[in-house]
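K.L.:
One structure coming up, written as structure tokens, with questions to follow.
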Number of protein chains: 2
Amino acid sequence: MSGAPLRVALLGCGTVGSAVLRLLAEQAGDITARVGRPVEVAGVAVRRPDRHPGVPAELLTTDAHALVTRDDVDLVVEVIGGIDPARELMLAAFSAGKSVVSANKALLADDGVALHAAAAEAGVDLYYEAAVAGAIPLLRPLRESLAGDQLTRVVGIVNGTTNYILSRMAETGAGFAEALAEATELGYAEADPTADVDGFDAAAKAAILASLAFHTPVTAADVHREGIAAVSATDVARAAEIGCTVKLLAICEKVEGERGASVAVRVHPAMIPTSHPLASVGGAFNAVFVEAEAAGQLMFYGQGAGGEPTASAVLGDLVAVARNRVAGVAGPGTTAYAGLPVAPMADTPTRYHVSLDVADVPGVLAQVAQEFAAHDVSISTVRQDGAGEAATLVIVTHRAPDSALSATISRLREMPAVRAVTSVLRVEGLA
Amino acid sequence: MSGAPLRVALLGCGTVGSAVLRLLAEQAGDITARVGRPVEVAGVAVRRPDRHPGVPAELLTTDAHALVTRDDVDLVVEVIGGIDPARELMLAAFSAGKSVVSANKALLADDGVALHAAAAEAGVDLYYEAAVAGAIPLLRPLRESLAGDQLTRVVGIVNGTTNYILSRMAETGAGFAEALAEATELGYAEADPTADVDGFDAAAKAAILASLAFHTPVTAADVHREGIAAVSATDVARAAEIGCTVKLLAICEKVEGERGASVAVRVHPAMIPTSHPLASVGGAFNAVFVEAEAAGQLMFYGQGAGGEPTASAVLGDLVAVARNRVAGVAGPGTTAYAGLPVAPMADTPTRYHVSLDVADVPGVLAQVAQEFAAHDVSISTVRQDGAGEAATLVIVTHRAPDSALSATISRLREMPAVRAVTSVLRVEGLA
């Protein structure tokens, strides 16, 4: 329990960074006991030192590069976010023999392979539990607890902003724009909500999850991405009618095809049955559902964002890399030995829910069914509700290549008997 | 990816052991890639070699002690269960410098401190993720992911048999005996269900969870334990009336009292609100709800038993200890530095639900309320339903020391105006 303190360079001191500082101070005794040596802050790199009155002035610096390479720094915590300068600072830290704890999903999703290689070459650690699903222990379980199993599927609600918006749409019947405005007012959505609403944030997390789950390099650019801006009140109402709820899902699957296994990674809104464990994950919470061959179904649930929850994950990693430093080792790195190809969305098997307003004349259902059959799409259920001279058809398909389903929808839109395609959403988690 | 194979001694070859053997064989390539060296089976210790026709004869032995100390064995997997001879074999393995992976909740709950000390002295690992909640990654997240946080509460459904029985009672209105008989017939309960039904299994798991969560030695004998045999159909019906469901909970809490912090660990049936994340954990599933100061609320969910799920957890640990062996290190041990006292159940704050049949005469409620007040127990809600000359009182209290609540109940049973105390259960998770 003694020995020289391990010294940490903190890069960035926003919501997460200041929570890290506070928790490090509050828990100094416990962290010393858990690591075997004290852990103290060597310096804090920020852009505007005058904006951090709570941080001792002698710790503040604007020269992050000098800080990470200082001889009296053992470990680096990077909570700046974004690609640059975080990438250069991380690489400089590795070159100087320092392990890094990061919460940077964008950077890890963009360039994880090169960063892992640099850390491995330097014999140091790169841990980033906080980058996906905030406080929820997820990456370590995937990387270590399930290391003796074969993962087949990871499905997550990994963006709290969109989950809040979709939860409110379901509760109030509001449309997307109205629910977004409420989320912005309450601080659940940022002034520019693009990264959340258009699925960029979830796609970065999906890339990280897929890489770990399938030991395969996957970048954010490999992820098929659709946001929630096109989800309508009608979609949400139609979902409820078939016992489902609409969620923005990050889905990572191993797909066995004729040419061997591949990895499909996608982010899009989908209907899931209300009985599914993910369906009741409301508000700003995150949850990730994992399927493995031996373990079966697992779920991890908790707060996906916020200063304190994210700092909890950062500090868990910091204790781990500090222990490794004390032991003189690096922890298990991330392996990409499987090197599976990423399947294009067109080939990925999905299921669709489609609602149509049709003319209520004999033969319409047969015409519609024929269009699905022509694309080799098998129908699971059809419900037809007549109303005067119009009728509504609600169709849920079996699994088929996504391209066959989207092609079918395009053709339906052109059919004279189809007055309107009122709702199209993929369906996940149905038996 | 090369080097001499790491060789494993498998102790026990029942449901879990045979699943471990099968998965090790099926995933040999992946495990080699993840560990950096092949992992192969050196021998399998069983009592009756003739009962294991699927295991190559040259691997089978009845001399477990000789197997664990053999020079060509690097790692030991113990899935015999029970205290003896598992304890001696584990200590022999440590003395011989071999890390151990175990699924043995009874032994770890009984003697964890001494076993951890022996492993630490030998500089080897003792991992036992499979001992609690089967396939659910739980101990590693508690020990590592949350190492930078302060846990305040761990509440789990950690016994699938009792959860199945209580789920069926809620679904069908059956009494305990009937639901147990069904569980036995379907193979969810053992011929002698004592360990499950009376809470011994859950208490062992609670002791392990409390030890890890609070860095404090807790044994099964420290755990206040009540089983589900006394849970009646009336209890289940009363729970539903107040928007709750009955679960057997393992509860580990840090309690701040006048004489400082202590740890309260208990297993008993309780009513929880149907909106609580644990309430929807049905059938044979397990789930553990964790509260930490910075992380907030987390939940882990999955299969708590069965050969394959348990083997998944064993293999995850096996990959970890194998990696450590390749790196020439031991992983982070379990610390008990906090050494908090264990609070007696009498002092532990709980809440009660009480249903009473009372004479419908003026002043009964006042008399009953006076009895709670006399014990310094504050009432949260009362509902009174009249029916002819009798009435029913349903009371939910605020938190009070458990002894004050149980003393109040004893006094109520003696009151002339109280015809019967029809249901008493603790309530957890209410706001």
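Any Cβ shown, glycine's included, is placed from N, Cα and C.
TrEMBL labels come from automatic prediction, so no person has curated them.
This is the feature table in TrEMBL:
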- B:Lys205: active site, proton donor (ACT_SITE)
- B:Leu11, B:Gly12, B:Cys13, B:Gly14, B:Thr15, B:Val16, B:Gly17, B:Ser18: NADP(+) binding site (BINDING)
- B:Lys105: NADPH binding site (BINDING)
- B:Glu190: L-homoserine binding site (BINDING)
- B:353-429: domain 'ACT' (DOMAIN)
K.L.:
Cα distance, B:Gly14 (NADP(+) binding site) to B:Glu190 (L-homoserine binding site), nearest Å?
P.N.:
15
K.L.:
According to DSSP, collapsed to three classes, what secondary structure does B:Leu11 (NADP(+) binding site) have?
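P.N.:
B:Leu11 (NADP(+) binding site) sits in a strand per DSSP.
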K.L.:
According to DSSP, folded down to helix, strand and coil, what is B:Glu190 (L-homoserine binding site)?
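P.N.:
The three-state answer is coil.
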K.L.:
Take the Cβ of B:Val16 (NADP(+) binding site) and count every other Cβ within 10 Å, whichever protein chain it belongs to.
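P.N.:
Summing over all protein chains shown, B:Val16 (NADP(+) binding site) has 26 other Cβ atoms within 10 Å.
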K.L.:
State the count of C-beta atoms found within 10 angstroms of the C-beta of B:Gly14 (NADP(+) binding site), not counting that atom itself.
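P.N.:
Summing over all protein chains shown, B:Gly14 (NADP(+) binding site) has 14 other Cβ atoms within 10 Å.
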K.L.:
Binding-site residues B:Leu11, B:Cys13, B:Val16, B:Lys105: which have a Cα within 10 Å of the residue listed as 'active site, proton donor'?
P.N.:
B:Lys105
K.L.:
Can you break down the domain 'ACT' (B:353-429) into helix, strand and coil residue counts using DSSP?
P.N.:
24 helix, 36 strand, 17 coil
K.L.:
On average, what pLDDT score does this prediction assign to the domain 'ACT' (B:353-429)?
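P.N.:
So the average pLDDT across the domain 'ACT' (B:353-429) works out to 93.
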K.L.:
Could you measure between B:Ser18 (NADP(+) binding site) and the residue listed as 'NADPH binding site' for me? Cα positions, answer in whole angstrom.
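P.N.:
Checking the Cα atoms of B:Ser18 (NADP(+) binding site) and the residue listed as 'NADPH binding site' gives a distance of 19 Å.
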K.L.:
Would you find the one among the binding-site residues B:Thr15, B:Ser18 whose Cβ has the most company, meaning other Cβ atoms within 10 Å?
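P.N.:
Counting every other Cβ within 10 Å of each candidate, the maximum falls on B:Ser18.
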K.L.:
Would you kindly give the Cα-Cα distance separating B:Lys105 (NADPH binding site) and B:Thr15 (NADP(+) binding site), rounded to the nearest Å?
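P.N.:
If we compare the Cα positions of B:Thr15 (NADP(+) binding site) and B:Lys105 (NADPH binding site), the gap is 16 Å.
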K.L.:
How many other Cβ atoms sit within 10 Å of the Cβ of B:Cys13 (NADP(+) binding site)?
P.N.:
25
K.L.:
Neighbourhood of the NADP(+) site (B:Leu11, B:Gly12, B:Cys13, B:Gly14, B:Thr15, B:Val16, B:Gly17, B:Ser18): other residues with Cβ within 8 Å of the Cβ centroid, in order?
P.N.:
B:Leu10, B:Ala19, B:Val20, B:Val79, B:Ile80
